[in-house]
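If you check TrEMBL, you get these features:
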| type | residues | note |
| --- | --- | --- |
| TRANSMEM | 12-32 | transmembrane segment |
| TRANSMEM | 108-130 | transmembrane segment |
| TRANSMEM | 142-164 | transmembrane segment |
| TRANSMEM | 184-213 | transmembrane segment |
| TRANSMEM | 225-242 | transmembrane segment |
| TRANSMEM | 283-308 | transmembrane segment |
| TRANSMEM | 320-341 | transmembrane segment |
| TRANSMEM | 361-378 | transmembrane segment |
Amino acid sequence: MPPRFATTNPEKTYLLIAAGLLLLYVLPYVWLGEGAHLTVHDNLDSDFLYLYLLKITNTAFDFDLSTVIPTMMSSGPHAATSFSGIPRSAFRTGLNFEVLSFYLAAPYTAHVINFVAVHGIGFLGMYLLLRKYVLPEAHWALARVGVAFLFALVPCYIVHGASVTGQPLLLFAFLNLLNRQGHWSNWLIIVLFPFYSFFVWAGLFICVALGLLGMLVMFRDKQINWDYFSGLFLLSLLYLASEWELIYGFVNETYISHRVEFNYGQLRSIRLNNSWHRAKNLFLWPMFNTGAFLTRGIFAVALAGAYQALRKREFRSAKWLLGLPLLALLICLIHAFYHYLVIWLGDSPLGMRFRVFQFDRFYFLLPTLWFILLAMALRQFEANGRWVKFFLAAQFITMIVANTEWKINVGKMTGYVTEAEHPSFRAFFAEKQFAQLRTYIAKPQSDYRVICLGMHPSVAQFNGFYTLDSYQNNYPLPYKHAFRKIIAAELAKGTPKMRAYYDAYACRAYLYTAELGLNYLFGKTQQPHLKHLQIDTNALMALGGEYVISAVPIDNAAENRLHLESIFTNTESYWKVWLYKVTNGAEQRKYTLTLPLGPSHLSLSPFDYPNLLPNSPSDCQ
């Protein structure tokens, strides 16, 4: 190894400190166990659940294109309308390492394992990239370890694997190929990356970016680099192989997706100033699914570095320090103005492709771009000087402030954050409470269908219930239309935003109500009453719906042919559950009340306790 790449004693100390701090970063999730809070939006309500469902439905390694997952969006066995569920091809491939981890370990354990892997890969990849290509000299040890550590702190969805945090490691491998250093480890990185990332979210855009980078360098050098092209071909081929079911379904349209009715004209404002505002927000604060952090500090350091470079007449460095923010801005503009292209293309074949698949997701490249920019900017200041230390410390504080989930868990460790404020993994999925529901209903879960109200259906799905409602990014279009009949009256009463959210989007096929709005997280300390619920019970029964699992009491349940069966509470649960049975209008059943008395529940007869005979369920709190 050349001397400038050698690891000095101070650098070893920095690496040990960084490793120790990363262990502290993981500590809340290990210390709290299932008492830790995990982000609900686009995580516990969807992608996290999908990985677990593949295990409990025994479809994790099923590669048959005809396989469906019946636990969501499938009609009951005696329903008038027949829907079989979601095609297996709409979910993550069984060749993905995350699918394997959820298959082998308990879901929370799998999450922690992937949490460590994702952030560890982020640190290792950025460190190797900076040590060899950006800050290779020995006296930049503090800066390169510091920037790598900061990149490892980027909060992102663990369910996406290394889609975001693995990019520096992949770039390191491809730059080695570009410099004709084809060590076997570079090829190993390329081979493994598609199996621990997600093609739809980031893979396609990584391949495009690497292709453009290679062409620019080869055009400059006027020489073709076959190793680089071979690496890119191998990466693309392995992505196609690992995600072949999803790609085949998209290309051949094995079913008509609800996404063909995406209406960007309703989902996004077509006013130019709103699009500029959207681009500005993404530029200053990338989205959580790509890695959420404030970029103002990095941008300021880049401008200061560019000024320093110009003063020193280092024009090449100045071009990089000004060019990378412009590239980031271009990516943000592509995202902000993408809907204009989709609207302009309309219902043409190309327009449908751009509507069904979001080709604007280059923003997944932003975290890597920003932290490479930070490292380049630091080169314009004195190594180990006060300004470099100040910039690193300031960005560290920024990363902690931006990491909402981690701060919540530190608050839980210290007792400052309660379950009522932010539910833990255990409280959200409430396994003991939903076991009581299963026992009460006392039928095989495949024999009946439920629908949820005031809570994410992922809670019921996690506990094995077959739900009519679900959060799905891709499902058959006819189901969207059949489900809409259930909530048509509520959508009519609701806001234009609510109607657009379903009619122009509908990834969340939920039991919307005008009174609750677009809120699906009503814990037991928040119990608004539904006084004017208006659903089409016939449409609900046509899909086989037999029970409503509600997080709020329904005052006019009888008007909707819903009968209150029982109320379930549990000290470990975030929820208080009202279980309603869909009736034909003539059924009379015993009313029971479930109290938190340990593993069993108490069934009280209304004839023994006349005051438990309510005019409406709201009297039974």
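Using the three backbone atoms N, Cα and C, a Cβ is placed for every residue, glycine included.
Keep in mind that what you see is a predicted model, and the values were worked out from it rather than measured.
If one looks beyond the transmembrane segment (184-213) by at least 6 residues along the same chain, the residues whose Cβ comes under 8 Å of a Cβ in the stretch are 92, 95-98, 117, 160-164, 166-167, 169-174, 176-178, 231-232, 234-236, 238-239, 241-243, 246-247, 289, 357, 361-362, 364-365. Long-range neighbours of the transmembrane segment (12-32) within the same chain, counting only residues 6 or more positions beyond its ends whose Cβ lies under 8 Å from a Cβ of the stretch, are 111-112, 115-116, 119-120, 123, 127, 141-142, 145-146, 148-149, 152-153, 406, 409-410, 412-413, 424. Counting only same-chain residues 6+ beyond the ends of the transmembrane segment (361-378), those with a CB under 8 A from a CB of the stretch are 126, 129-130, 134-135, 140, 143-144, 147, 150-151, 154, 156, 163-165, 167-168, 171, 201-202, 204-206, 208-209, 282, 286-287, 290-291, 293, 295, 298, 301-302, 304-306, 317, 320-321, 324-325, 327-328, 331-332, 334-335, 388, 391-392, 395. In summary, the transmembrane segment (283-308) does not lie against the transmembrane segment (108-130): fewer than three C-beta pairs, each 6 or more positions apart in sequence, are under 8 Å. Between the transmembrane segment (142-164) and the listed ranges 108-130, 225-242, 320-341, the one holding the most Cβ pairs under 8 Å is 108-130.
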